[in-house]
Structures are given as C-alpha cells and as structure tokens.
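Data first, discussion second: the structure below is written as structure tokens.
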Amino acid sequence: MPELPEVEVTRLGIAPHLEGRKVSAVKIIDGRLRWPVPANLTKTLPGQTVNGIERRGKYLLLEMDTGYLLIHLGMTGTLRVLPSSDPLKTHDRVTLEFGKLSLRLHDPRKFGAVLWHPKSKGPIKKFILLQKLGVEPFSSEFSGELGAEILYQTSRKRSVAVKQFLLAGQAVVGVGNIYCSESLFEAGIHPAKAAGKLTRPQCSRLAKAVRSILKKAIEAGGSSLKDFVNSDGDPGHFMVQTKVYDRKGLPCKVCKTPISQMVQGQRTTYFCSQCQKR
C-alpha cells in the first residue's frame, strides 16, 4: 500500500506538470472505487485551474478554483502524467485532461478514492476523512521535542502495542507498516511494548527516527513491494536500505543477531530482539 513517502513522491512528480494548468475534461472510466467517484466531476472540474497540490497523510489534495479534489491511492493505485494521445490501459479508472497532458489514476484493485470537497463547505481540514488525522511528521508541530511530547501525551494510558499505536495515525500520520518497523528499530524500541509505557526519552528517539526514516524513504523514491511506481513509472528504492523489514533470519546490520518476525494486528512486524529489548 502506498504510504506517506510514496504519496509525497507522487506529489513531487505531478505538481510541476499540473500546477497552474486548466482542466479541459474529466473521464470516469470506472468509478466503482472504495467510494463511488462523483459523477458530476465531469461537469464540475472542466475550466477549473489546479492552484496547488498538497498532501495530508496519504491523501493528495488538488486545490481547484471552487474546491479540493482528494485522491487516495488505496492498495495498488498510481498516478501518472502522460500525453493525452497515449492509449488507456487496463485498470485506468479516472483521467483528468489538461489539453495535451493527462493525469491518470491506475488502480487494479479499486481500493483508491477520488472525492470532491467544495470550498463552500468550509476548509479542507473539515473534510470528514481528514478530521481525525494526527500531525504531519515534517510540520513545525512535530519538530524537535514537540514531536516527542505529542507521542508521549497521546500514548498515555494506552495498552496497545506501540507499533499499532503508530499505525493508527492519530498521533502522527504516515508511519505505515514498513516505516513503523524501521523507525522502531532506529529508536531501539520493541514493537510490542505498550504505548503507554513509553518514556519521554524513548518518545524523543522515536519522533526523531520517524522523521529520519520517512525523509530517507522520500529521497529513495519510496518503497516498491509489488505495484508502486512514481509519476514517471519508476519504482522506489527504499527497500534496499531497510535494516529489519523483510529481513527475517538475516543478521542484524548492527549486532548480527538474526532478525525476528511476528504478526501484530494482521500486519507483519520485523525487529531485532537484541537491539530492541522489550
């Protein structure tokens, strides 16, 4: 599933091509995604300009003249900017036309989303799917020891494992399964440790690790396990840098202990039992 780094890589790839351009047409090839694609987009969007492209968590937010187009890549979605003359591919679901350019959502499993939030309904932060998201890891709110304090305060009295606490995204957004395992390893925290038992020093190390790992992942173009490619069609390369993820039985890159694997909440977790003592 594309997580924050993959979505940010996508944003960085499409923004230079689309910002300032006017939509000439919208084609809904198959609108049966996680939620139905609003049919009226074919009438609402043409003539509107893309004034900016932001990211909130795993959502891309295209600011148009009268509202925001929200795009979620789901499990296997990708966005690419292509010449409008290129033929559609199987699993292309929605296209936004910009004259000779086309933005295409390719989503084989149809778990993605294309939604619309009119500005007349208030700021985009009031959109129901964005209301409960935690802070952005690269925002000023999460910088320095502010991030540590957010993790410490939101984890109090929480018996859930720290990995699942991070995955929930209510403290800080974007720390998906791969990046949870890597961040917890870098911080030296066992993934099954109860979130409520995290100390302030541990929260400080974890906040720093989250920012560091996500930054490295973005610089590497994200992670490509099966389907993810960037807006140019290239895979991400973060997987070659992982220290624990998908390395079961291989020696830890720090202490040489074989990497362990367990399942938490139906998600596979990787860790070093020596570097991350419970």
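Each residue, glycine too, has its Cβ placed from N, Cα and C.
Residues annotated as active site, schiff-base intermediate with DNA in Swiss-Prot: Pro2. In this structure, Pro2 (active site, schiff-base intermediate with DNA) belongs to neither helix nor strand by DSSP; it is coil.
According to Swiss-Prot, the active site, proton donor annotation covers Glu3 (among others). All protein chains shown were included, and the count of other CB atoms within 10 Å of the CB of Glu3 (active site, proton donor) stands at 23.
Summarising the annotation, Swiss-Prot assigns active site, proton donor to Lys58 (among others) and lists sequence analysis as the type of evidence. Counting only same-chain residues six or more apart in sequence, the Cβ atoms lying under 8 angstroms from the Cβ of Lys58 (active site, proton donor) belong to Pro2, Glu3, Leu4, Val7, His72, Leu73, Val173, Gly174.
The active site, proton donor annotation in Swiss-Prot covers Arg267 (among others) and rests on sequence analysis. The Cβ of Arg267 (active site, proton donor) has Lys163, Leu167, Asn177 as same-chain neighbours under 8 Å, each 6 or more residues away in sequence.
Annotation note: Arg158 (DNA binding site) sits in a coil segment as assigned by DSSP. Feature annotation from Swiss-Prot assigns DNA binding site to His91, Arg109, Arg158.
Mean pLDDT of the predicted structure over the zinc finger (243-277): 97. Taken from Swiss-Prot, the feature zinc finger covers 243-277, and the record attributes it to sequence analysis.
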Widest Cα pair spacing in Å over the listed DNA contacts His91, Arg109, Arg158 is 41
Reduced to three DSSP states, the zinc finger (243-277) has 0 helix, 14 strand, 21 coil
